[in-house]
Amino acid sequence: MEVACPIQFRVLDLPQCPNRRFYHFHEEPRFSSFTILRSHKRASCKHPFFSTSHITSQSSLLGNPKKQRNVLRVSCFPKVEFFGPRFCNKLNLQNKLPRDVIVRSEITAAGSAGDGYSLPELKMEAKVRGVCFYAVTSFAAIFLFMLMLVGHPSVLMFDRYQRKFHYFVAKVWATLTVTPFFKIEYEGLENLPPPNTPAVYVSNHQSFLDIYTLLTLGRSFKFISKTGVFLFPVIGWAMFLLGVIPLKRMDSRSQMDCLKQCIDLIKKGASVFFFPEGTRSKDGKLGAFKDVQKGAFSIAAKTNAPVVPITLIGTGQIMPAGREGMVNLGSVKVVIHKPIDGKDADMLCKEARNTIASVLIQA
């Protein structure tokens, strides 16, 4: 059996086996990646064996060249050739190949090599989906913003604080945007307080898609957002109509005004929403709650409003932080936990964080 493919190598040393190295290289779309384990013939190094499976989506072939006979040998030259256990090339016949090479292939498809995709192809597809995503959300936002603008005078007259009409339009906008690209699974919807009950909602923050996902819940909670976002055309203007609370992160006076405004909104029947981490997580793990964002629990303690923890799973994989131009395939799960009551801000903070983290660890 002979297979030819262009390769690119990257060497990784194994600390427990100094004479062995891993070579990573990529080839044509049939396989997404290979790992080549190189060892000198006379080197003595024990390495665990891995079972071989060509049925699962990732098959492995690793072993010791002295003990494992059923391996694939590779000549590392511009034309790469794969040989069975009983074959060798001319250099092997002349004993000029100084080391054995063993190959582990990683197939990224659902079971067969022909179903794999190369990394550049996957990135291109994600970028195309990203362009389509922003096209859909922009097109929907323009028309729905006009609807919000027309209804804004009535909202200010009859529903200045909750602004249910605007949030209904925002729910429609978010649903139209995300439906073509990923599905959202909800768990614990029964734990949501009644629409007219003020509450403090808190959640982990993984992606730009978190806002879209939360708006599909249909609750009229006021987000906290950086002042610069309000300058964005259409989206920033819509946030102003929704009553989103502006915040200058490095301005202590702005932070105090934000907390006072949140307390005032809760007393008048509205709800507020906080991302206690303060920024998006790059690895999907729950970060530390920042002091400024801990104000959410002080607000809940002072106003006797319940704290509603929400865990978002999957948004960071679909649109990772820092890669907002890409939309990967995947699904999102929203877990609404039972409300937490109390008058101790520290206790509320600790309990809410543990509740959100417990689901993230299981995921």
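Backbone N, Cα and C atoms are what each Cβ position is placed from, and that goes for glycine too.
TrEMBL annotations: computationally assigned, not manually curated.
What you are looking at is a predicted structure, and each value in this text was computed from that prediction instead of being measured.
TrEMBL annotations:
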type: TRANSMEM; residues: 131-151; note: transmembrane segment
type: DOMAIN; residues: 199-315; note: domain 'Phospholipid/glycerol acyltransferase'
type: TRANSMEM; residues: 229-247; note: transmembrane segment
PLDDT averaged over every residue in the domain 'Phospholipid/glycerol acyltransferase' (199-315): 89
Counts of helix, strand and coil residues, the domain 'Phospholipid/glycerol acyltransferase' (199-315), according to DSSP: 46 helix, 23 strand, 48 coil
